[in-house]
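Swiss-Prot annotations:
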type     : residues      : note
DISULFID : CYS22-CYS46   : disulfide bond
DISULFID : CYS25-CYS32   : disulfide bond
DISULFID : CYS39-CYS67   : disulfide bond
DISULFID : CYS73-CYS94   : disulfide bond
DISULFID : CYS95-CYS100  : disulfide bond
DISULFID : CYS118-CYS143 : disulfide bond
DISULFID : CYS136-CYS165 : disulfide bond
DISULFID : CYS169-CYS191 : disulfide bond
CARBOHYD : ASN176        : N-linked glycosylation site
SIGNAL   : 1-19          : signal peptide
Amino acid sequence: MKSLHTICLLFIFVARGNSRSCDFCHNIGKDCDGYEQECSSPEDVCGKVFLEISSASLSVRTVHKNCFSSSICKLGQIDVNIGHHSYIRGRVNCCEKEPCEDQPFPGLPLSRPNGYYCPGALGLFTEDSTEYEAICHGTETKCINIVGHRYENFPGDITYNLKGCVSSCPLLSLSNATREENRNYLQKVECKDAIRLASL
């Protein structure tokens, strides 16, 4: 699922782009109104990132419009099972010109526990979140762990930590960390095999 970059977009909102101009905004909900800004290399297309935190029947969605590189646009989607029946999901949608069409979230797949688990955590303002057992479902046989920082004037510097089950490990190293004028820093990216649950 070459999509680990997409998870990072939950917190780092990607870098700016090339000689074209794109809308730039962030908001809670399905859309946002912002301002147009010129992109700088190597970003060459306009895009939207849709992010969702789902827990049982409750979900919170955000939208982020920005300039993107075409490589990020190919990442598509990611679903991270962080445990306690909760998921972090991301969708990337790019276009040659505004407005970009929305890429909707399908319903979460109904799948059974598969006998594996991963450390689960979702932490903001900390890189050492309390871990709990995230029971993996369906094809989720890998564990991810991401720690990073985003530097903001308001509400201040944000440290984040994300752990959970995913279906596969994409190729990503710290050297690929996305930056936005040095405001984003990816400190840790780990992806390992999930742990088999002990038999009763």
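The backbone N, Cα and C atoms fix where each Cβ goes, glycine too.
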> Counting distance between Cα atoms, which of the disulfide-bonded residues CYS39, CYS73, CYS165 is nearest CYS25 (disulfide bond)?
Replying inline: CYS39
> Which has the fewest other CB atoms in a 10 Å radius around its CB: CYS73, CYS136, the listed disulfide-bonded residues?
Replying inline: CYS73
> Just counting, how many other CB atoms are there within 10 A of the CB of CYS94 (disulfide bond)?
Replying inline: 21
>> Using CB atoms and a 10 A radius, I'd like the single residue among the disulfide-bonded residues CYS32, CYS67, CYS169, CYS191 with the highest neighbour count.
In response: CYS67
> Just going by other Cβ atoms within 10 Å, which of the disulfide-bonded residues CYS25, CYS39, CYS46, CYS118 has the emptiest spot?
Replying inline: CYS25
> Cβ-Cβ under 8 Å from CYS165 (disulfide bond), same chain, 6 or more residues apart: which ones?
Replying inline: VAL80, ASN81, GLY83, TYR116, TYR117, CYS118, GLY120, ALA134, ILE135, CYS136, HIS137, GLU140, THR141, LYS142, CYS143, ILE144, ALA194
>> Please identify which of CYS22, CYS95 has the densest Cβ environment, defined as other Cβ atoms within 10 Å, among these disulfide-bonded residues.
In response: CYS22
> Taking each of CYS22, CYS32, CYS39, CYS95, CYS169, CYS191 in turn, which of these disulfide-bonded residues have a Cα lying within 10 angstroms of the Cα of CYS73 (disulfide bond)?
Replying inline: CYS95
>> Looking at the disulfide-bonded residues listed here (CYS22, CYS39, CYS46, CYS67, CYS169), whose Cα lies nearest to that of CYS94 (disulfide bond)?
In response: CYS46
> Using C-alpha atoms, which one of the disulfide-bonded residues CYS22, CYS169, CYS191 comes nearest to CYS95 (disulfide bond)?
Replying inline: CYS22
